[in-house]
Amino acid sequence: MLVHLLPLSCARPRPAAAACSSSRNGPSSCADSGPWARAGGRGARRRAMRGRTDVEPETPRRGRRGGSGGGDDDGHDPHGAGSGGAALLETVRRLLLAREEADAEGDEKEEEEQGQFPKRWAIVFLCFSAFLLCNMDRVNMSIAILPMSAEFGWNPQTVGLIQSSFFWGYLLTQIAGGIWADTVGGKTVLGFGVVWWSIATALTPIAAKLGLPFLLVVRAFMGIGEGVAMPAMNNILSKWVPVSERSRSLALVYSGMYLGSVTGLAFSPLLIHKYGWPSVFYTFGSLGAVWFTTWATKAYSSPLEDPGISAAEKKLITSQSTAGEPVKTIPWKLILSKPPVWALIVSHFCHNWGTFILLTWMPTYYNQVLKFDLMESGLLCVLPWFTMAVSANVGGWIADTLVSRGVSVTTVRKIMQSIGFLGPAFFLTQLSHVNSPAMAVLCMACSQGTDAFSQSGLYSNHQDIGPRYAGVLLGLSNTAGVLAGVFGTAATGYILQHGSWDNVFEVSVVLYLVGTLVWNVFSTGEKILD
């Protein structure tokens, strides 16, 4: 604030200053008028504070010679002192302005250093936790299905049917969840989803013992709850996270899914070994209640609704936010007329075909092909998902860094998604050429590690092209992704009954290549929907 005080104090008139122009008062009166008068008078001061350096004093400088008032020159250039003083003043003024701008930009950082954790990152962490639970509850069936199929006598085709039944419900709520989130707010929708799928998870053992139809219904109900999670999360982050932090925040949230797979695949065998397969569903299902208690009291759909957020952080978010007001109606015709929207839909389908096959069938692959037992199968499944969690965050930081250095968002999205397609395609083709289990696991880890770069590609693109409709757009593209899960998971069971694992991976590779082509031709990082 010194920059505002300085010119006011400098420009304050002094009674003795006017006497400098009168010869009746003598030079001693000039001396009494203070240093500003000696530097060139009020006119010089005003021009100096306006940033002028060509200052000419209104009254010549008068010096002192042993207290004598005689003479009007002290041996110095009467213009030099005024120019030098004004130049010095201008330098000080500019330094103070620069300091004030730096202080303004550092307001938020200063608040955080004083102990206030950014609320937007608290929201991101809660979404991360929800997605951790989401995949814990999803992958536990891929481990439990082995002892369950032995107990109930299920063949591979029945196993594929059970695995795909989750996607029946998941498919139903993608678009509905996006519309719901964009109109009523993401907090309500995500909270509903977690509670719903947690109850369905806990009911799974009971349904399995009642019979196959009951199990299929409960798994579909679980899919209904998880189906609203991604659209709701996308809606929340479009309002809470600035554009400059978009890739890394989404990467962190989606890494919660990968770490959820790690946690589920690591702990499920231990629980099954000690307490039996029903314990997995009871244990994981109960964790949703713990999460919901925190979510209900701490989360808000947008920073404008949060009374606890700091003014500096709210200003930062709203100044970079492109989400706008909640939508009243969905312009379906406009949305579906845009080629980048269809690029999202097709690419999401191609991406999820391979991802969901690995998600649901990997333990079976390890057990049947690599001859690992249940404990080894679950523990070795951890490595690829842990690799995804790490590489997703690495990809997010790379993407945000490229954007901050001036690379266009379109270019960044295309680069990251091309890695997310071509990386898995390459490593899956190597599986048929490796002979050792260690190399097979390494190929799986590399495949899924490169797959995770998609979080900074197509998964970030919904907020790029239509931030106000981020939930609806994700619902649309993820519907296609879910269809890939439904058909891909069921088709894998059919292929295995009539073919081999090589055939399963070949189909995934072809779709990855198709997705790469469509994405690079039609996608964009620019906003196309207001």
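Numbering starts at 1 and runs along the chain as it is shown here.
Cβ atoms here come from the backbone N, Cα and C positions, even for glycine.
Heads up, TrEMBL stuff is auto-annotated, nobody curated it.
If you look up TrEMBL, you'll see 13-84 marked as region 'Disordered'. Feature annotation from TrEMBL assigns compositional bias 'Low complexity' to 13-24. Summarising the annotation, TrEMBL assigns compositional bias 'Basic and acidic residues' to 51-61. Annotation source TrEMBL lists domain 'Major facilitator superfamily (MFS) profile' at 123-527. The transmembrane segment annotation in TrEMBL covers 189-208, 214-237, 249-273, 279-297, 341-362, 382-403, 469-496, 503-522.
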Contact between the transmembrane segment (214-237) and the transmembrane segment (382-403) (3 or more Cβ pairs under 8 Å, separation 6+): no
Dominant neighbour of the transmembrane segment (341-362) in 279-297, 469-496, 503-522, by Cβ pairs under 8 Å: 469-496
Tertiary contacts of the transmembrane segment (189-208) (same chain, 6+ residues out, Cβ under 8 Å): 127, 130, 133-134, 137, 140-141, 148, 152, 177, 180-181, 214-215, 217-219, 221-229, 231-233, 235-236, 277-278, 281-282, 284-289, 291-292, 295-296, 299
Contacting positions for the transmembrane segment (469-496) when only residues 6+ beyond its ends and CB under 8 Å are counted: 156-157, 159-161, 163-164, 167-168, 170-171, 174-182, 186, 227, 230-232, 234-235, 237-238, 323, 327, 330, 335, 341, 344-354, 356-357, 360-361, 458, 462-463, 503-504, 507-508, 511, 529
Whole-number mean of pLDDT values that fall within the domain 'Major facilitator superfamily (MFS) profile' (123-527): 87
